[in-house]
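K.L.:
One structure is given below, represented as structure tokens, and several questions about it will come after.
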């Protein structure tokens, strides 16, 4: 039988617990998880092809070098620890510039310059073929690679219709003059690619700011402002307005990958 003294001690402890335990009310504000925050966003990039072409033509005319890297590529390499080796064939390319002509040169003989990078597809084939699930797509559309899981099988490189992935035949650190500590270093024997500067995105979202990838920042500071980045789930964002007001092209859209790099004003459209 419980003594009177023990009964009073137990009831007193229970009362104290009721007083000290915080009560959850309808007004309680819950902090959103990173996944919930990301689901509210879908990041994408838009390219003004006319401005990009003008930038490259002026750089080539000034330097005489058709392989010159424009400000966007230089900034991307520096920001993301992309190495440069003596033998160009070993260089990873997160962003590169391609020259192209339209299908009917007799109608429009003009040549255009466009940036090529990871398209962060809605249905990324690289993710589908990855043996170790190292390649994955976040709720906000960013396609990433977990370097700790990548075994360098290169199936993703074969599956990518945009040639956006590179294999590290050499330790990247051997081709770097300086290192950005904010970006993870890769190793020899793994695949890497553009991340839309995901470290900048996550930091900006935490602060309630608009993220700006390094290439976009450099394009507006040193180039022609051809690149625009933003959240296409926000109808008031600059990129949403561009997509509404222009005829845009997605590379190899017929493959059903739904790429999220959009090219505007290609062919004077």
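Cβ from N, Cα, C; glycine included.
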K.L.:
Which residue of 76, 160, 166 does Swiss-Prot report at the same [4Fe-4S] cluster 3 site as 118, 121, 126?
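P.N.:
Record check against Swiss-Prot: [4Fe-4S] cluster 3 site with 118, 121, 126, extra candidate from 76, 160, 166 is 160.
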K.L.:
Suppose you look only at the domain '4Fe-4S ferredoxin-type' (141-170); what would the mean pLDDT be?
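P.N.:
Looking only at the domain '4Fe-4S ferredoxin-type' (141-170), pLDDT averages out to 98.
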K.L.:
Looking at the binding-site residues 55, 72, 118, 219, whose Cα is closest in space to that of residue 150 ([4Fe-4S] cluster 4 binding site)?
P.N.:
118
K.L.:
When you rank 76, 121, 197, 215 by Cα distance to residue 55 ([4Fe-4S] cluster 1 binding site), which of the binding-site residues ends up on top as the closest?
P.N.:
215
